[in-house]
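J.: Sending over a structure as C-alpha cells; questions will come in a sec.
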Amino acid sequence: MLHIFRGTPALSNFRLNQLFSGFQQDNLPIVSCYAEFLHFAHLSEALTEIEREKLEELLRYGPTQKSQEPYGECFVVIPRIGTISSWASKATDIAHNCDLNKVLRLERGIAYYFKFNRTLTAEEEQQLVFRIYDPMMESIVRSPQEAAVLFEQHDPKPFTTVDILTGGHVALEKANVTLGLALAKDEIDYLVENFTALGRNPTDVELYMFAQANSEHCRHKIFNADWIIDGKKQDKSLFKMIKNTFEKTPDYVLSAYKDNAAVMEGSKVGRFFPDQDGQYRYHQEDTHILMKVETHNHPTAISPFPGAATGSGGEIRDEGATGRGAKPKAGLVGFSVSNLCIPNFPQPWENALSKPSRIASALDIMIEGPLGGAAFNNEFGRPALLGYFRTYEEKVNSFNGEEVRGYHKPIMLAGGIGNIRHEHVQKGEIPVGAKLIVLGGAAMNIGLGGGAASSMASGKSKEDLDFASVQRDNPEMERRCQEVIDRCWQLGSENPILFIHDVGAGGLSNAMPELVHDGGRGGRFELRKILCDEKGMSPLEIWCNESQERYVLAVSPEKLPLFEAICQRERASFAVIGEATEQQQLTLQDSHFNNNPIDLPMNILLGKTPKMIRDVKSAKVNNPQLDQSMIQIKEALFRVLRLPAVAEKTFLITIGDRSVTGMVARDQMVGPWQVPVADCAVTTASLDSYHGEAMSIGERTPVALLDFAASARLAVAESITNIAATDIGDIRRIKLSANWMAAAGHGGEDAGLYEAVKAIGEELCPQLGLTIPVGKDSMSMKTTWQEEGYQKSVTAPLSVIISAFARVEDVRKTVTPQLRMDKGDSRLLLIDLGEGKNRLGATALAQVYKQLGDVPADVVNVSLLKGFFNAMQALVKQEKLLAYHDRSDGGLIVTLAEMAFAGHCGISIDISALGDNDLGVLFNEELGAVIQVKESDLKAVRAVLTEHGLIHLTKELGIVTADDHIEITRSTRVLLSEKRSVLRGIWAELTHQMQRLRDNPDCADQEFEMKKDPNDKGLSAYLTYDLNEKITAPYIQKGTKPRIAILREQGVNSHYEMAAAFDRAGFNAIDVHMSDLQKGRHHLQDFNALVACGGFSYGDVLGAGGGWAKSILFNTALRDQFSAFFHRQDTLALGVCNGCQMLSNLAEIIPGTENWGRFVRNKSERFEARVAMVRINNTHSVWFDGMAGSHMPIAVSHGEGRIEFKHDQQLQALKAQNLIAAQYIDSQLNPTEIYPANPNGSAEGITALSNSNGRVAIMMPHPERVFRAVNNSWYPENWQEDGAWMRLFQNARVALG
C-alpha cells in the first residue's frame, strides 16, 4: 500500500534562480517552475487516523515556505529505481522509533511542475531533465503515482554459469567483456585450467569474486610485477623498493603492509571513554597512531558526490578496522582535476577541451565532490583538517611529443589518522568455529564491480558498468558501526573482536575471503543470512555489491552475546552469516535455491595467480626554456593568485567540520582573520594532554612531465617542509603514505613510475631516515573516448601524493604562517634549499602562461634538507620563530603574500641577494621556507642555522609593516607595489566564484567584501571573569559529584568532548543512549542534569534534531520521562548544536520556552564550519552566570542553525524577557546578520537562548569543543589550560551546589 504526502517547497528563491539560469542557457521555453517535496509511505496496512496525523507531523520539517497548488507538466525526481536511498533508511528508522510500525519504508522525491510557452522537443526534454536530476543516483517519473515502482519486490534470481568445459577460453573471454571482469589473458588461462581440473563450470559469482579479489585495484599487480626496462631486468619490484624504506628505518613502526592501515608509536596519555558502568573516565595508556590514505578516482569521475563521500567513508572504515578495532580521528581530502572553466570567470591558461559524456566535468567534480567528502566526514564526526587542490590540463611537449595531459580522470584523495590501543595493534587468530559477521547496512544492488572498474582506463568499461559501480553513502550508519567498534576495543582484553576488515571494493566477495584467509582459515557461509533490502537480487549481486558502511568480523562463539548486546544498544545492524572452517575452502550456500553459488578452494581464489612482467621502454623529454619575454611581474602575480593550486580554498574548507572531537589544535584556518594557509594539521593525542599528532601533504605532479624522479622527491620533501614547524623531534618519527597514480601502458610512464619509486624508495627516504609503511596505487589514469569519428585521450601526469604523519611532543609549539605585529621589531629570512638555482620548469608561473619550461626544481642536497628539518625543530623547541611558511606553488612571492594575508599587515622586501632574474627569484618553486624572527633573536637563530650547515643559504628579505601594502624591490628599483587588500581580493576570487555557483550568492558576496576590507579587526576576546579562577573548587571538595546524562541518539558524534568538559567541571558524566531510556536501562529521574549533544541524529533527516525530538514526543513513556525531568526544580539541561535543535523541538514540554524558535537551514544553504565571535548577554541563565558582557570566539559547525519564529512577537518577547543568552557579533563587536560573522543568518545574530527560570539553555555553537585553550583555532596568548568556555560548564556545577 502506497500513500503520498505533499511536503514543503523544495527550492529557495536563489536555487530557483540558479535553475532558471541553466534553462536560459539551454534556451528552453519555460514560463514558470514550482518544486515541492513528496513523501512516499510504503505501508503494510492502512493507517489509523491517529497514526496518519502522527506521520504527517513527522513529515513536517524544514524552513517555513509558502506552498502553492501545483499546475503544469510534472516531472518527479525519485531515488534511482532499484535502490533505497540513505534518506529512506534514516526516515524509516525514525518512523519505527515513533511506533509507526506499519511503515515499511519512507522515500522522498521532488515534484517539478513546469509551464511552457510551447511544446518541448525530445531534445529539449532531455536538456530539462538533465538540469533537475543525477542519472547516477536518481530516476525521473512523470507523475507521483508512478513512484510506486520504487517499492516493487521481485523474486530472487539464481546464479548462472559460464560453460568453459565446452566453450573453453572463448566462453570466458565473452564473459570477461559482458561482466566487466577486467581479466588479463593469463588470468583467463589460469581460470580455465583450474576449473577444468575441478571438472565443473564456474558460476558467475565465482568469476566476479575472482575478478574483484585479483583486480589491479585489490592485488596491486603492477607494484608486485617483475620489471624489464630498456631490455634490462630490474632487481626489485616497486613494492620491494617501497618496503626498503622500512628495512632501512623500522624505528617507531608497529605495523606495516599487512593491515588496513599502518601503525606507529604514539604517546602515553589519558584516553577518555565510558567504562562498562557507563561513566566516562580517563585511562592512562599507550595510544598509538594509525595512518591511511586512499584514492577513489573512478567513482568520483562518474558521480562526484557519492564517489567522494564513499571515498572518505571507505578510508574511515580502513582506520576503524585496523588491528582488532581502532578509532578514526582526523581526516584529509585532496583533488586533482582538469581546468575548471568557471562560467563568466575565464582564465588565460584555460582551453575548453572536450570530454566524454559519461564522466563529470572538472567544475562539477569540484562543486559536488568536496561536498560529498565533507558531508561524510561531518556526519561521521571526523574533522577534515588538511587537503590539496590542483588543476592541470594542457597540450604540452612531454615524453611522447605533443599531447594533452590533465586530470579528466580525477584524483580524489581521502586519508587520515586515528588511534589504537597497544594490545589491539595486531589482529588475533581466528579459531575454527568462530562466527563470521557482517556489521552495518543491508546489501543493495549498487556499487557492483568497483574494484575491476577502477582498474580500467576510463573509457574501457561500458557505460552501464560505470553506472553499476556508483556507490551510495550513509555516514550515520557508519557512525553507529564505529560506536560498536569503540565499545569493543574499550573493553580491553575482553574485546570480542578477534579479526576485522572493512567491506570495500568487491563487497563481501573480497572482504570475507580476505578475512578468513588472513586468519588462516576457510569459511562456510549462508547467502540468505546476509541482510538484504532488495529481495530480487541474484547471488552475484548479494555477494559482490559494494553497499557501503559495512565491516566483516570474526567473533568467538562465547563472546557473541556480548557483541549482539552492544550492536542492539547502538542500533547497528549485523548478521552472523557463517563460521570459520579448518578446511581451506570457501563455500557459499543458498538455502532458497538449495545450491552453492561458491564452492572453491582458497588457493584458487587467492593463490599464485600468474605474476605480471612489465617489459617497458624509457623516454626522454626535450622541452624549450620558459619564454619570459612577455611576462610582467604584476600580471604574473595576479594570474598565479587565481590558479587553483595557489588560490584561496575557503570554499573547500568551511564545508567541513574542523572542531569535532575537541582535539583539534591546528586546522587550515590561521590567526584572527582565519586565513587558510596552515602548512599542516595538528591534533592533541587526548583531551588531557599536549602530546599529539601532525599530518601534512606534499605533491608536485606537473614536474613529472619533465622529470619523474624530481616530482617524487619534491613530494616527499614538501611533506617535510610542511610539517617542519611543529614539535616532532627526530625525523625518523615521521612516517609517509605514498599514493601513486599513473597511466600504465602509456609511452614512457611505466619506466617513469619505476624511476620515481626508486628515487624515493631506494634513495631519498633511506637517506633522510623516512619510512613509507602504507600507500595505494591507481594505475589507470588515462581517459579515452570517440568524438566525431576521432579517438581522443587525456592522460594524467605521473602523480605521487605524499602524506606525512608524525607524533608531536607539544602541540602548543606549532608555528603558523601568520606574520606577527605584536612582538616588536622583526626580520623575514629565506632559507633557500634550492641554492640559488631558481628553476622555473613546471611551475605555477609556467602553467598560467600555458608553458612547461625545461628544468624543474628538485632536491639539491639531501643532507641540507635533513639539516633544515633539524634546524626548524631546534628553533621550534626554543620558541624562536614568530612565523613560518614553506615555499611551494607560486614561489617566494606567494609565500610572502600568504603570510601577509594571515597577519593582516604589509611587508617590505628586497630580493637583491637572491639572484639576477626577477621572475626566477620570485616565482621559482625550489624547496625552502620564510621565517619571521625577532630582531633580538637573530643572533641565536643564525647560530642554529650555522650549526646545521644552512647559514650560507639564509638570506635576509626585509621587514613586516603595519600597513596595507606589499612592496618588493631590487635595491632601489620597485618591482611590485600593491595594496595587500587588493591582492587578498584576487587570491579570494576563485572561492568567491565557486561559492556563488554552489551556495547562496548573497552570502558569497558578503564574505568576499569582508576579505577585502583593510579595516576588518578579525577575532578578539574580552572576558568579564577570571579565566583561571577555580569557582568549582568548594563544591568539588565536598566529595560528591552530580550525575549528568551525556545524552546521544544514533548519529550524535560530539559526546566524548562534551563528557570531558563536564567531567573537568566536577560531574560524573554518564553515557546515555536513547535506546537506554527506551529499554529502561537508564531513567532521567536518576540524573541531576542532562546535555543533548551535537552531531547528526538520524543524519538530519526530517529536520535537524526533529526526528530525535519526535521520537520522544510520539512515545508516551519517553515524553512523560522528559517532561518530568524538565519540570523538576533541581535539574539543569543544555542542548548544543543538534541537541539545541532537538530541545527546541521539545519546547512544548519545557517550561518557560513558549517563545523559542526552531532552527532551520542556514541562509547560505550550506553546512558552515567557522570560528565566530559571540557576545554573552545579561540573562537569568545559570549556565552563563557571571559571563555577561564578555565576547570570545567559538567553534560553529552546523547546516541548520538559522532561528525561525512563528511570528515576530516571539522575537520581541525573547528580548523583553532577556532570554537571548548570546549573539553573533562582527569585528566591531556589534550583533550582526552579515555572513560569515553570522554563519547562519539568524535574526539579530541569535545563537543561544535560555528558558525563563534559567535552568535550561540551548545554543548552536560548540563550547565543548573549545573548553581547552589549545583547541581554539585562535586564542589570546595569555590563556593557559582552560579556554573561555570552560566557565559555562563550571557554572553548571556551581548551580547544583
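Keep in mind that glycine also has a Cβ here, set from the backbone N, Cα and C atoms.
Swiss-Prot feature annotations, pasted as is:
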- Cys1137: active site, nucleophile (ACT_SITE)
- His1262: active site (ACT_SITE)
- Glu1264: active site (ACT_SITE)
- Gly307, Ala308, Ala309, Thr310, Gly311, Ser312, Gly313, Gly314, Glu315, Ile316, Arg317, Asp318, Ala678, Ser888: ATP binding site (BINDING)
- Asp679, Glu718, Asn722, Asp886: Mg(2+) binding site (BINDING)
- 1043-1297: domain 'Glutamine amidotransferase type-1' (DOMAIN)
J.: Do you know which of the recorded positions Glu315, Asp679, Asp886, Glu1264 has the most other C-beta atoms within 10 angstroms of its C-beta?
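T.: The residue with the most neighbouring Cβ atoms within 10 Å is Glu315.
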J.: What does DSSP call Cys1137 (active site, nucleophile) in the simple three-state scheme?
T.: coil
J.: Using DSSP and collapsing to three states, where does His1262 (active site) fall: helix, strand or coil?
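T.: Once the DSSP labels are grouped into three classes, His1262 (active site) ends up as strand.
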J.: Any idea what DSSP makes of Asp886 (Mg(2+) binding site), helix, strand or coil?
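T.: The three-state answer is strand.
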J.: Could you measure between Asp679 (Mg(2+) binding site) and Gly311 (ATP binding site) for me? Cα positions, answer in whole angstrom.
T.: 24
J.: Please give the maximum pairwise Cα distance, in Å and rounded to a whole number, for the ATP-binding set Gly307, Ala308, Ala309, Thr310, Gly311, Ser312, Gly313, Gly314, Glu315, Ile316, Arg317, Asp318, Ala678, Ser888.
T.: 32
J.: Among the recorded positions Arg317, Glu718, His1262, report those whose Cα falls within 10 Å of that of the residue listed as 'active site, nucleophile'; none is a fine answer.
T.: His1262
J.: Note the Cβ centroid of Asp679, Glu718, Asn722, Asp886, the recorded Mg(2+) site, then list each other residue of that chain whose Cβ lies within 8 Å of it, in sequence.
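T.: Checked against the 8 Å cutoff, the neighbours are Cys680, Ser696, Gly698, Ser719, Ile720, Thr721, Ile723, Ala724, Ser888, Ala929.
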J.: Quick check for the class: what is the C-alpha distance, in angstrom and rounded, between Gly313 (ATP binding site) and Asp886 (Mg(2+) binding site)?
T.: 31
J.: Please report the distance from the Cα of Ala309 (ATP binding site) to the Cα of His1262 (active site), rounded to the nearest angstrom.
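T.: Pair distance, Cα basis, whole Å: 25 Å.
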J.: Counting Cβ neighbours within 10 Å across all chains shown, tell me which of the binding-site residues Ala309, Ala678 comes out on top.
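T.: Selected residue: Ala309.
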J.: I need the CA-to-CA distance for Gly311 (ATP binding site) versus Glu718 (Mg(2+) binding site), whole Å please.
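T.: For Gly311 (ATP binding site) versus Glu718 (Mg(2+) binding site), the Cα atoms are 24 Å apart.
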J.: Please give me the recorded positions out of Gly307, Glu315, Arg317, Ala678, His1262, Glu1264 that lie within 10 Å of Asn722 (Mg(2+) binding site), comparing Cα atoms only.
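T.: Correct set: Ala678.
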J.: Using only C-alpha positions, which one of Glu718, Asp886, His1262, Glu1264 is spatially nearest Ala678 (ATP binding site)? These are the recorded positions in the record.
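T.: For Ala678 (ATP binding site), the spatially nearest of the recorded positions is Asp886.
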J.: Between Glu1264 (active site) and Gly307 (ATP binding site), how far is it from one CA atom to the other, in Å?
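T.: Distance between the two Cα atoms comes out at 32 Å.
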J.: Counting across all protein chains present, how many other Cβ atoms fall within 10 Å of the Cβ of Asn722 (Mg(2+) binding site)?
T.: 25
J.: Enter the number of other CB atoms within 10 angstroms of the CB of Glu718 (Mg(2+) binding site).
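T.: Around the Cβ of Glu718 (Mg(2+) binding site), 26 other Cβ atoms lie within 10 Å.
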J.: Between Glu315 (ATP binding site) and Glu718 (Mg(2+) binding site), find the distance joining the two CA atoms and give it rounded to the nearest Å.
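T.: Glu718 (Mg(2+) binding site) has its Cα 23 Å from the Cα of Glu315 (ATP binding site).
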J.: Sequence gap of 6 or more, C-beta under 8 Å: which same-chain residues meet both conditions with respect to Gly307 (ATP binding site)?
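T.: Set apart from Gly307 (ATP binding site) by at least 6 residues yet with Cβ under 8 Å, we have His296, His298, Pro299, Thr300, Ala301, Gly369, Gly372, Met412, Val470, Gln471.
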J.: Restricting to the same chain and to sequence separations of six or more, state which residues have a Cβ under 8 Å from that of Arg317 (ATP binding site).
T.: Asn260, Glu478, Asp502, Val503, Gly504, Glu549, Tyr551
